[in-house]
Amino acid sequence: MTEDQGFSDPEYSAEYSAEYSVSLPSDPDRGVGRTHEISVRNSGSCLCLPRFMRLTFVPESLENLYQTYFKRQRHETLLVLVVFAALFDCYVVVMCAVVFSSDKLAPLMVAGVGLVLDIILFVLCKKGLLPDRVSRKVVPYLLWLLITAQIFSYLGLNFSRAHAASDTVGWQAFFVFSFFITLPLSLSPIVIISVVSCVVHTLVLGVTVAQQQQDELEGMQLLREILANVFLYLCAIIVGIMSYYMADRKHRKAFLEARQSLEVKMNLEEQSQQQENLMLSILPKHVADEMLKDMKKDESQKDQQQFNTMYMYRHENVSILFADIVGFTQLSSACSAQELVKLLNELFARFDKLAAKYHQLRIKILGDCYYCICGLPDYREDHAVCSILMGLAMVEAISYVREKTKTGVDMRVGVHTGTVLGGVLGQKRWQYDVWSTDVTVANKMEAGGIPGRVHISQSTMDCLKGEFDVEPGDGGSRCDYLDEKGIETYLIIASKPEVKKTAQNGLNGSALPNGAPASKPSSPALIETKEPNGSAHASGSTSEEAEEQEAQADNPSFPNPRRRLRLQDLADRVVDASEDEHELNQLLNEALLERESAQVVKKRNTFLLTMRFMDPEMETRYSVEKEKQSGAAFSCSCVVLFCTAMVEILIDPWLMTNYVTFVVGEVLLLILTICSMAAIFPRAFPKKLVAFSSWIDRTRWARNTWAMLAIFILVMANVVDMLSCLQYYMGPYNVTTGIELDGGCMENPKYYNYVAVLSLIATIMLVQVSHMVKLTLMLLVTGAVTAINLYAWCPVFDEYDHKRFQEKDSPMVALEKMQVLSTPGLNGTDSRLPLVPSKYSMTVMMFVMMLSFYYFSRHVEKLARTLFLWKIEVHDQKERVYEMRRWNEALVTNMLPEHVARHFLGSKKRDEELYSQSYDEIGVMFASLPNFADFYTEESINNGGIECLRFLNEIISDFDSLLDNPKFRVITKIKTIGSTYMAASGVTPDVNTNGFTSSSKEEKSDKERWQHLADLADFALAMKDTLTNINNQSFNNFMLRIGMNKGGVLAGVIGARKPHYDIWGNTVNVASRMESTGVMGNIQVVEETQVILREYGFRFVRRGPIFVKGKGELLTFFLKGRDRPAAFPNGSSVTLPHQVVDNP
């Protein structure tokens, strides 16, 4: 059988999981399971304990960490035990000093030495002056030996004249229980040292007292008193074990909460970091921060805004680079759509790496065009140099595509320096873009360039300061725009050897570490893997992997690099699992140490006397905190009453009141216990009782009342027994001899005070009440016993002392000798008793123990409040992290489709990894504002063009708001390109895009399959109506030119480091041509699209054949409207943004 076995108690498991379990986000790539089991230890010295008391964490490393934490927490309670020992020494000093005589010198000196040692030990432990190993391994046992020695020295030196079986039994029981609640040891050693102490104490008393017995009757009385001692010790040990279990469970709960909270926090932080990295790979940080700030605004604040928020910033003196693949059409014809996208993905991933190397901000990828900017958002003086180096590296990088495809592809690069307006437009699918006349110039610089060369403008040339050799570019001869604007252009001469040196010097060594060349040409292989959901993932191997493959081709014995990589990945995951577990445990230990050193309660968050939180709201939250261990606390009261009854029955077996109070009290306490445990085990009790129990747990005054009832029952049982005993054994009063008392409880009345000590123990076990309530209850116990000791039982204790110490004197003479403050006789002899009268010593003992337990209760409440504050702090931290994650997630899903964002947030992706999804039946739409170019100016009246873009932002935002309509839920915005809006329908793989219940395409009719295309056509008509509404309100005359098409596409993301979602294929190209060759104010479609949409009631006008670049002549139609209204899910029409409804 294994050492640890799964814990199978259904009740406990349900409660434990309900208290401690948390929902952890799935994280398959972490490599380590985040669920840890609470098991039962089936070996060791505590095997005799119940299963629920033998808890252990799995794995063993977690249990070891917990034991370190638990002992560290208990180390502070060790100081409490030192205080207990010091109070006991003070008690002995007082008891010896008030009746000082020559025979009291030895116990007085021993107690004084013990007190000094206690103080020294307290200071050493408090200040941390002892080595950690000594403090945790040696001091607990040393303190136990010191306390045990003090008890036995007090027993042997103070009671040397006449020993009794009850001597120091109360103190022994007190310290045995104290060992369980204070010593920073495991349960097994505490049980062992406690049992050893009790056995030795019992044997010493039994042997010593037995030597003084003179007849058989006294022997029977001794036997009953020894058995009473055993029950006192047994009660202290049982309740001590339960208190240890309760403390262990409370700390396990705090530890597990800390562990799981740290796991969740780390997981959320990791996911939040992934989201932030993804977000910042698409948007610059200053734009993303501004967006997050606005997203957190209240809806009321947003409603007060007159216009939609626009995130646009002006950046001056930046260099803009446009790069286009020359021969892309030839390349497209040589590759399938998927192969082409994989090729572009790998190429643009390399460009992204180069962009990071040369401090470029990638703006967008438009088909085969790549453009970026240097000097944004942070200004760089060498922005022009960086852009030139970037262009040269891109020209060199395209060579591997040329070699692989055996085509004449090349790069044409244009660079211009000027001012841009950078930001995002619209409210959905945010993408960072730049606008300005200088951006147009940079675009024309690329168009007027030469393949394989970097074409720069005069403004860029002015920023180079002679860093590169150039030659005239003559761009005006190849581009009418450049010729019209009179822009001088140049071509970079990159053939000279000093270019690499210039690259390093121009970047001050920052871009090219260790003198590495700008780029390294390679011809990597493209690996494709098909996923079950139909998506294709492709990874381009790095240059190092390509070299390995070449080596493998030359040498057949060379190991397969792919297989080695897979094996290495598997080994890395195993190592990562172990490292993650070790890292988490280390972080947990640091977090726990940080908590402990924070001393949160000592920062005056609480009042000094009452220990209540200064914040009333915090105090209210603490007061309603449920205490799951209240049932165990009340069960301790039942154990205490049982042992109390056994002790009293053994001392006085003839007194019937002992039996009656035991039965009645036990029944009442069982009722209280059941009512408290119903909330812990709800399936075992009626619903009404469970509800009542839960109400008690969360209601402070009800908890206090329940606790007071339990202690009141214990006190009344003891008081009734004491008073009944007095009445039963009181004989007739005689003037000469006093009260004649004999038999039963009169033989040793100290035991009734000892059982009161058990009532004090039961009081501090009440975990659901505050230390002030416990103090009140302990004052009740101590006050009741004190009143009986000093008044009702005064003659009882006097008679007991007389029989023990002055057997031959009459009671009146003995009473005279028992005066504590009497002076020595005239003859020089001491006529006082050798001890303080028992009625006073027992009373003082009760008060000392009460003060000790009150001190411990304050410590326990401070710990409980500290754990509560830790819990609140951890909860608040998780809430803050979760809130940030939620906003980041909202921002990320507004930049990428949700299913695509989940793919990239799930695990770390390689830079060249491709996410793609093939679709056979998709609708694509392009909608542009051709006359916006005439509207846009950069005059000062328009704030350099910003106000023009603000108006464009309003138009695009209104288009975006249409997508919130349930009718258009199947439509996905792809992107905006300047003033062109691109959308598609049916590109969400995990949603039934057609809105019908048919599960397979074969089972659907054509009308079902193409419903999303009809929705896209309705969306295009709604965009036209929206623009008309905007024109009417702004007195403008903007017109849309829209093109639509249907067919198959490949949707996916290019570049995992800087993901760019787009769709590719012939369908997209034709839709784009339908827009560019269209007529303003019309929606142009090809014949295949017209045939499908006609079935949905759309009206068309035949335009006729038109020439489309790359496609020849195509028959096209203009979509004019719809005869039948669209079938909206709720029967309502589309509400246009800012629509003004005319009242009849």
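Each residue's number is its place along the chain shown, starting with 1.
Backbone N, Cα and C define each Cβ position, glycine as well.
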Which of Asp289, Asp294, Asp352, Asp368 shares the Mg(2+) 2 site with Asp324, Ile325 per Swiss-Prot?
Asp368
In Swiss-Prot, the member of Asn317, Asn734 to which N-linked glycosylation site is assigned:
Asn734
Could you let me know which of Lys285, Lys465, Lys839, Lys1046 shows up in Swiss-Prot as SUMO3 cross-link?
Lys465
Sequence-remote partners of the transmembrane segment (80-100) [C-beta within less than 8 Å, at least six residues beyond its ends]
107-108, 110-112, 114-115, 118-119, 121-122, 125, 143, 146-147, 150-151, 154, 158, 171, 174-175, 178-179, 181-183, 820, 832-836, 841, 844-845, 848, 851-852, 855-856, 859
Look up Arg1073 (ATP binding site) in the DSSP assignment and report helix, strand or coil.
helix
Could you find out if DSSP has Gly327 (ATP binding site) as helix, strand or coil?
coil
Grab the same-chain neighbours of the transmembrane segment (755-775) for me: Cβ-Cβ under 8 Å, and only residues 6 or more beyond its ends, written as numbers and ranges.
170, 173-174, 177, 232, 235-236, 239, 242-243, 246, 250, 610-611, 627, 629-630, 633, 636-637, 640, 643-644, 647-648, 697, 703-704, 706-708, 710-711, 714-715, 718, 781-782, 784-785, 846, 849-850, 853-854, 856-858, 860-861, 864
Fewest-neighbour residue among binding-site residues, criterion Cβ within 10 Å, set Leu366, Ile1063, Val1070:
Leu366
Sequence gap of 6 or more, C-beta under 8 Å: which same-chain residues meet both conditions with respect to Gly327 (ATP binding site)?
Thr407, Gly408, Val409, Asp410, Pro451
Which one is it: of the binding-site residues Arg412, Arg1073, which Cβ has the fewest other Cβ atoms within 10 Å in this structure?
Arg1073
